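Engineer: I'd like to ask some things about the structure below.
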Amino acid sequence: MSANYAVVLAAGQGTRMKSKLYKVLHPVCGKSMVEHVIGQIEQLNLTQIVTIIGYGGKQVKEVLGKRTEFAVQQEQLGTGHAVLQAEQILGEKKGTTLIICGDTPLFKAATLADLFAYHQQQKAAATILTAKAPDPTGYGRIIRDQAGNVAKIVEQKDTTPAEAAINEINTGVYCFDNQTLFQALHQVTNDNAQHEYYLTDVIEICQKSGQKVAAFAMKDFNESMGVNDRVALAKATSLMRQRINETQMRNGVTLIDPQNTYIDSDVQIGADTVIEPGVVLKGKTIIGENCLIGAHSQITASTIADNVTITASVLENAEMAEGSNIGPYSHLRPQAKIGPRVHIGNFVEVKKAEIGADTKVGHLTYVGDATLGRHINVGCGCVFVNYDGINKHHTTVGDYSFIGSSSNMVAPLQIADHAYVAAGSTITGDVAAHDMAIARGRQVNKAGYYDRYPVAKAAQQAEQAEKSFK
Ligand code: UD1
Ligand code: CA
């Protein structure tokens with residue numbers, strides 16, 4: 001049976017990145033380069049995907065999991081040697097094999113499908129995906145004969161000046177007749193400037209043995225971009241960002257300033273949501289319809305329902321229900337669950353706490369390890385005191401209760417429904433329904449004491465000065 005396969009090359013160390021992180025694991029818009037590649041080829045319904053891993057391969061395996069099979073290249077002896085490691089899995093099989101590098105994150109499934117189609121239509125043994133590069137430096141060059149047929153690929157370091165001037169480049173993506181590929185790979189030598197076994201030499205081997213070699217020229221060079229260093233990483237990120245932002249806008253999201261909006265590739269946003277400049281949306285964040293995400297908000301792995309307003313705030317692993325709002329300058333930390341129509345005002349921090357529908361936490365408050373019911377008002381400057389230095393403790397506040405400003409709720413603590421905490425209280429014991437708790441020193445007024453203080457003298461002088469001006 002004839003089938004389609006893919007080999008993803010991801011064993012190179014990526015020395016030019018100068019990084020402890022394995023090259024293909026460097027993220028582009030929140031997702032590693034190799035995941036971008038796998039994500040696209042998964043859309044091609046292939047029979048098998050084999051990823052070549054080597055140095056640092058354990059982490060690549062963890063990231064890709066069951067999405068691909070793996071073959072290990074113990075020593076990085078070149079791209080040809082890398083593909084050969086898939087021989088045990090694919091060598092005998094009949095069909096077409098797509099080869100793609102793990103450091104080319106921008107390829108789209110549609111382009112790869114076009115390559116497959118062209119390869120099959122041409123009945124070629126090998127088809128190279130090529131592009132015209134404004135600056136071909138670093139890429140392998142496509143050498144064509146006088147009839148315009150591909151003769152070979154020459155790597156940058158092996159080029160003559162005339163070859164170096166050619167701007168048609170090898171994108172590093174190919175379709176091969178599978179059995180021809182593995183036969184040819186055994187003939188590749190490392191007789192070149194880098195002493196590596198080049199996959200690209202297979203082209204000349206096929207050509208010389210009379211097999212048909214085709215080339216499919218893609219239009220958008222940017223899509224083929226390979227990332228070998230941090231400069232290219234930034235360029236790829238910028239191109240990917242532009243692509244993501246365009247998709248979001250076409251889906252009905254308003255971006256006030258797309259050049260300055262940073263949305264990771266797995267973020268989902270509903271129609272009619274408006275994103276202001278400087279917003280950063282990371283991880284698997286989901287935002288509903290008709291929300292307003294205000295300037296400079298940062299949202300990571302959070303779920304935001306419809307009609308939510310976020311003003312200059314930071315959210316991580318948090319949830320906000322329909323119609324709620326937050327900010328400016330507030331912080332939702334992991335496991336903050338904000339209920340429907342809840343108002344979180346400015347300078348509020350919420351951590352591992354659930355806040356029920358229609359509750360208000362307006363200003364300068366810390367809510368940690370707590371469950372708040374519905375229709376509660378938490379005054380200004382309250383602290384849910386959750387930590388005794390060793391352990392965290394929990395506070396519960398029931399529906400329709402009122403927490404006066406500047407109160408401390410020392411956990412573990414239960415405040416019932418319809419309970420009232422007087423302002424300035426430090427509450428250390430449970431409060432029953434319909435009770436009022438007050439825990440502060442009683443006020444004492446000392447007659448005439450004002451005049452004992454230096455402020456009194458200063459006030460007197462100021463008043464005299466005012467009079468003399470009149
Ligand atoms: C390669 C091509 C070049 C092409 C360019 C496109 C070769 C010899 N050259 O060059 O013609 O223009 O890609 O981006 O194929 N890898 C392994 N094992 C190895 C060596 C590399 O798995 O022993 C993997 C790397 O992880 C990487 C890919 O193969 O994902 C390409 O290797 P890289 O060293 O980046 O090749 P380039 O110099 O970019
Ligand atoms: Ca590369």
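Any Cβ shown, glycine's included, is placed from N, Cα and C.
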Engineer: Do you know which of R374, R440 TrEMBL groups with N386, Y387, S405, A423 in the acetyl-CoA site?
Structural biologist: R440
Engineer: Cβ distance under 8 Å to D103 (Mg(2+) binding site), same chain, sequence separation 6 or more: which residues?
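Structural biologist: Result: A10, G12, G14, K23, V24, M33, V34, G226, V227, N228.
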Engineer: How long is the line from the C-alpha of N386 (acetyl-CoA binding site) to the C-alpha of L9 (UDP-N-acetyl-alpha-D-glucosamine binding site), rounded to the nearest angstrom?
Structural biologist: 50
Engineer: Cα of R333 (UDP-N-acetyl-alpha-D-glucosamine binding site) to Cα of Y387 (acetyl-CoA binding site): how many Å, rounded?
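Structural biologist: A Cα-Cα distance of 16 Å.
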Engineer: I want to check the contact list for H363 (active site, proton acceptor): same chain, sequence separation of six or more, C-beta distance under 8 angstroms. What comes out?
Structural biologist: G345, N346, F347, V348, C380, G381
Engineer: For G78 (UDP-N-acetyl-alpha-D-glucosamine binding site) and Y387 (acetyl-CoA binding site), determine the Cα separation and express it in whole Å.
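Structural biologist: Approximately 56 Å lies between the Cα of G78 (UDP-N-acetyl-alpha-D-glucosamine binding site) and that of Y387 (acetyl-CoA binding site).
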Engineer: Mind checking which residues of the chain, 6+ beyond the ends of the region 'Linker' (231-251), have their Cβ under 8 Å from one of its Cβ atoms?
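Structural biologist: For the region 'Linker' (231-251), the far contacts come to 17, 26, 28-29, 33, 36, 105-106, 222, 225, 258, 261-265, 267, 269, 271, 275.
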Engineer: Determine, using Cα-Cα distances only, which of these binding-site residues is closest to S405 (acetyl-CoA binding site): A11, G140, N170.
Structural biologist: A11
Engineer: According to DSSP, does S405 (acetyl-CoA binding site) fall in a helix, a strand, or coil?
Structural biologist: coil
